[in-house]
Amino acid sequence: MTYPKLYVALLHWEFIYVITALNATYPITSWKFKLSCIPPKTTYSSLLPDGISNHSSNRNGHYEALVEAKLNSSNTYVSNLSPKPTFHCCFENEEDNICSVHADNTEGKTFISTVNSLVFQQIGANWNIQCWMKEDLKLFICYMESRFKNPFKNYGLEGHIFAALLQVLEESLPTSQEGNFQPVQCNCSAHECCECQVPVPAARLNDTLLMYLKIVSGGVIFQSPLMSVQPINVVKPDPPFDLLMKITDTGNLMISWSSSTLVPFQLKYQVKYSEKSTTSQRQATKTVSATSLIVKGVLPGSSYEVQVRSCRMDGPGFWSDWSSPFTFTTKDIIYFPPKILTSVGSNVSFHCIYKSENKIVPSKKIIWWMNLAEQIPPSQYNSLGDHVSKVTFLNLNATKPRGKFTYDAVYCCDEYECHHRYAELYVIDVNINISCETDGYLTKMTCRWSTNALQSLVGSSLQLRYHRSSLYCSDAPSIHPVSEPQDCHLQRDGVYECVFQPIFLLSGYTMWIHINHSLGSLDSPPTCVIPETLVKPLPPSSVKAEITVKIGLLKISWEKPVFPENKLQFQIRYGLNGKDIQWKIFEVYDAKSKSASLAVPELCAVHAVQMRCKRLDGRGYWSDWSTPVYTVVMDIRGLQSVFPTRGPDFWRITPEDTNNKERNVTLLWKPLMKSDSLCSVRQYVIKHHTFHNRTWSEDVGNHTKSTFLWTEPAHTITVLAVNSIGASLANSNLTFSRSMSKVNTVQSLSAYPLNSSCVVLSWMLSPSDYNLMYFIVEWKMLSEDSELKWLRIPPSVKKYYIHDQFIPIEKYQFNLYPVFVEGVGNPKIIYSFTQDDIETHQNDAGLYVIVAIIISSSVLLLGTLLIARQRMKKLFWEDVPNPKNCSWAQGLNFQKRTDIL
């Protein structure tokens, strides 16, 4: 028991070194390799029992037993330790797994090491090692696993890796004693394996990494020979991800996947897949450079399982791990393509393979239906082989949405039934009208287009694309392979607007709308425009409008816009100013004109005028209408009467007290009509003439009311209307006379209400020697402080209809004044409607109702008699036979008269 204890104690204190020769390094490749160190003049076969091969799978177990046996043997191993025995280390990889050990070999496969441990002198060291660079290109990883169980497993396992990056390998390589190697702690487990991670800067991936391993277990230190590697040559990508399988439009199975883009080189992929169907099974492995693989011969109801891995395409590198398995099962009916997006007028085809009751339906027995409502004619079918049927649609019309369905459903059926699955056909009208216009400053071009025809295509994105040619447009615009997108913005009215700025006026812009959808892409028919031919000029400026004073015409003047420099035509629209202007259009084709004169029927009115312009050759657009301008009403000198034809009609209001010699008299008059005032009245002038021949004039401006003090026995008033030309000549006079105010010539006055809007006044006069000029009638409602209203009535009239709003239950006051040349006579006043007349009108109304009832009854009675006559005639002749149906009446003319006498 003494020797084993002593041996263990020595192992705790004694370190075993393996020092690498400085004249060679082992280049690490993209393969798993083995590191084996054995005593000189020894082979693996000499260390193994008889019958065990060097490459046998059972070598590990026997080797472990051998190590245990040597450790448990006599103590002569301890006493006979050589101070520095020589060991030979060999690297062998999966490509070349035979390593011959020769002490004098300096070609790089055999390395010389020394060790002073009895066990390593007898047995040696054996490790499986694999080193690679992670896909993120940040960590270099080495994984080591002992090929045989460590005899010192009860004492733990520690590992380090010492690494140094060199740009160029020198003839004299650095060693650990020189201190250029940086140690990295490895993560070792109880299962005799270690993982070491060495950070590598991204900028030094092409440099040479020198390293050696240092492993400590049970007090024994093992140092590997020196190894070298370029990190970029041992990159191990991550497994591909996002595997997807789908049926293509041609009926094949497409396997696709995604791969990381972190590696700085192209990858190749290895795909292994298996297929299981009711009729066959197959497996295959293929290597491709793209991220997809097409598998042909797909049948309904088949199941597929696939895995993918990747590796560097050109140059050394590791294969990634296999991706997770992905499975896919095809349906009992396969449509290819399952969905079609196309444009109006195109031709498309669908294919299908139909499996019913675990049997594939022959293609000749397949029938096609549209929306399960209409069988497609067999002339549109084709059989492609025994199982594939094809249907073709020619010159398609746009799909009409049916509720939430915006496509037509195409069904593939056998002779007896249709499967519930269907293909979808989207037919879109892509005839999108693109209209463009160039602004009046010739600096930008704005194009607009609407998407009304594409509203049913949900999930689509639209983009205007264009190609600019150096000069003008071709006769037949076509979609150019080289094009540019243009940003467009959706406006509130649902129209897209795109602005080109700057622009080339003479270049041809070929543009179209590119429609991108998950089902495919479409392009609208291209159109070509030249900005110079699409100018929308600025409106004419400095527009003025006036009615000429001398000749009475509407004169408009303007200035043409600066751009474009082409000859322009103009449009003038004019009309009477108001809420709804009735415009009239006048064309001006003389590009040099700057004014125009128009005859208008209404000279004494405000006219609104606007103008716009366009190129004289018809190209481009009309400009916007200019800001409206308005004429000013003026008096026209060129007419025969240059001043108002007559003064206004006027009346007066006097206080009730007639005994007072001084009264305040208020004059009232109504504004003159345009026919009398000739467009305008600037002011009114009141002329006073008294009993003592005193005269004066009073300017009251545009007012229609004036008050003066009446103090004379007689006072004559004349009101004149004055415009910019002069004063009116035909004017009315009104004389206020105290003596005439007592003259009674109106014997009676009656007021008869016809309805709520009309009252008839009638009166009788007594003979008089005064000269009667006219009558003035006044009326007002008595129950309220209402406004006094008045009218002038000709002298020959004895009955007059007053049109106003009258309330029958209210009382009204009516005053009738006779106006003489000598003055105003005494009025006749009544305070209500004539009662007899009201009753008469009520009786007349009743009579009218009775007459209407009698007439209606007569019409109803006449209609009843006519209907009764027709029914009696029918009943009377119903049983009388038709003589034409009798044999004796054949050949007789019943319309010919025959007299039997």
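A Cβ is built for glycine as well, from the same backbone N, Cα and C atoms used for every other residue.
Feature list (source: TrEMBL):
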- 239-333: domain 'Fibronectin type-III' (DOMAIN)
- 539-634: domain 'Fibronectin type-III' (DOMAIN)
- 745-838: domain 'Fibronectin type-III' (DOMAIN)
- 845-868: transmembrane segment (TRANSMEM)
Looking only at the domain 'Fibronectin type-III' (239-333), what are its DSSP counts of helix, strand and coil residues?
0 helix, 50 strand, 45 coil
DSSP assigns the residues of the domain 'Fibronectin type-III' (539-634) as 0 helix, 42 strand, 54 coil
Local confidence of the domain 'Fibronectin type-III' (745-838) - pLDDT mean:
89
Counting by DSSP secondary structure, give me helix, strand and coil numbers for the domain 'Fibronectin type-III' (745-838).
4 helix, 51 strand, 39 coil
